[in-house]
């Protein structure tokens, strides 16, 4: 990115950043352990939302299968944690599924480094393969979205069905420590929280860099007119493939952090409903703005954990209605709304600037 | 463009303050201790503030499992009301804190953590699926909480922080298989939903069949929510079993039994014994398709004990005459009473003291006399096999006579040596 | 031998169920390009309508009449789902034409609300619908091969739906208008066709057929708030595999998925069978992204 002049406006923005970062970093000082743990989980979700925004908000590809990538990352980390807890012996669920030996593909997951690499590489690789075929065959829009749903069904059914290797519907849970640090201790939790904050900020910066670059401009061009981009001489498939892979890798990373905070991963986290919910965070926060996506994830999950308890019925009504209203009347989400309100009076936005149907 | 960014950031700030303020304000009542490490220890000292004892209730009120779990909440609340009406525990009122597990295992873990470390409840009654229990178990062990789990399950577990008031395998599955072998035939077809309970249960059954002279003619699992059983029924027809041992869960049971009847197979042709079909489920499946099929439980609404008479009466009075009671409902109700008795005996709500006091505790439950087994924290239960009648109730065909000692790891059975946990 | 015959029939039966579930979607998605994720909930509405009809017969009519409730339940389900569809179109869907992905998300929200509504009204547990006694039992072809009347009935119902849809779309004035609007909206509007009305009608009919599907499903499966979620993805697969915009495609798609499903499930098991079917669909769409029967078009997007 070019260096830009430091106008008062930029200064304010920078200040906003700094304050937000400072708030996140200092949260352990004035938030209880339980709340900190929750916040950490929300931040992990915010990371997925960033990745999702890259492909949906900026490239116009709607994936309803990000739960898979998130889950695969989570499973990679969970396998490591489980093996650490069992001391390299076959984990408990293999026993009650009738498996006596540790399967070969589990063995390298005893090493933390391997697990972390795999947690990013497996989702990325899967996305690459899928993207290679689908985008090259020009499967777009709705068809791609429905295809990702099929993929979700395949993955969850396999995970559930292969109980001896994956823990089935129970998923993988019951960890004790990470690299020797007890996961139960508040200190480890705080450290993990801070790591999550650092990762979130780095991913945020990375995404800003991507969308600010030439590459990012092509992505937005693909969103607004894929065929035009093709006729200019770019190959949209390559760009879509790369950004889809990147997005999947980010989701995998978020999944790993999620497992560390929550202590369980199960196929239910990979299903259709969570995958759609992830998209919902982005939609509500504001697609096409990174900060909106991240905030959407944090706010929605916070609201969910606060209100779903008090009004389990009302909550679903509310969430459904909110979804409808946001998608229909506020296509740019909450972040867009703030902009819209302010600028409505000043000047009518030029038609082409408004994201009308980013995904069509 | 820049201006818009600016507004987005102000939005971010507002939102962040909101979240943090939300966290902060929630804390105030409990949080004279911002120095959080002590929070976990605080949980251990129990939840008795003057005049009340908080207990957690953690079941799914939304999502796929709400079907089953909502009634258990009702039963647990009824028990709490009854105890409060009779003067409470140690003279204090029990106040339930209800959380929604939303049929989602990570949510169960999160809410369990909240109940223990934020609400400081004395104990939690909750869970239905094995998965939800497995998800909560590490949390209860880490924070030294206390969980009462009210549903029959696959065994092979005995956590120091969980009391199991539902049946383990040797109180439901093992005796029912023996009974079927003696009365209905040797050829077994195992059918279950594709998750942990059916797979583990069938692992046990297969070993038992080998040891007791049964024959396995087929074993099939269908995904949760599977709704077309035509192919599976063809397979069953081909295999010609004497008994279909059914561990299907939830909605699949409806589809299976309806389609079984359509295929012209009645209870007279092939005996079907289910372990997850109780009075509640019968209402959703329809009596016409279920009549004559068998189930194995520890309690039926028709179970003839004095305690059950008042239990059923009160339950119907409180929630409506059309409601029915069932095994897990009764187990949830019993759990509350057992906990209250243990607290009374311990004179404290502290987890370790309650656990100590609960050992060998006896109570006259609706299902008959139950006793907590100190070593495994399961309870002694009477096994009952029942047949579905035209009125949607069970007729007891057989019972074990006395309450059976829980044996979650099946140590008392030689043939079970190979299914011991590896850890 | 009889096993193969029975399996063939089972495959046909599953195909017919899939087709019934997907027919409504083929209209709303295929013709209107609206991705209606609440389609499953419209099916659920149909099922609950059947349940209500049954209860009405139970409460107000003599027992001898009870068996005939199902005859009324089919049109009742259609009408109630039709009305829901109409309301949905007028209040929401009309804002979403030309934004298929947004329609997917918004209708998912609608589905959520409808599910919760059903849960509040009828309670979370399943309700029981007693199927009429004239559908009990089955046709005996040879020893050990029994074709259940219920499944035969559903196959007949699908054929009836298909035929009436064919006549409606290709042989009636309304149908002609519908096709005109779907093919060239502006031109149709210029010629005096009220496109708003046609849109609303088309969507409502698609919803109504979902209601009929729900009614039929009460014969075979559970009736509960989450009924729709079991079928929605399969229904989309049928439509996409068949090719958007052609009824023939939908029929072929349903038959393909139904047959392969039965075949794979028979060879392997239910879980693996399902996985294999979906893998085949994904692979097939890579090869032919437009589905089995593609609408020929010169437009680029």
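Keep in mind that glycine also has a Cβ here, set from the backbone N, Cα and C atoms.
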| Looking at C:149-169, C:170-190, which one does TrEMBL call transmembrane segment? | C:149-169
| task | Considering only the recorded stretches C:105-129, C:149-169, C:230-254, C:266-287, state which has the highest number of Cβ pairs under 8 Å to the transmembrane segment (C:203-224). | result | C:149-169
| message | Under 8 Å for C-beta pairs, could you tell me which stretch among C:12-31, C:105-129, C:149-169, C:266-287 has the largest tally with the transmembrane segment (C:69-93)? | response | C:105-129
| remark: Checking C:12-31, C:105-129, C:266-287 against the transmembrane segment (C:149-169) for Cβ pairs under 8 Å, the most are found for C:12-31
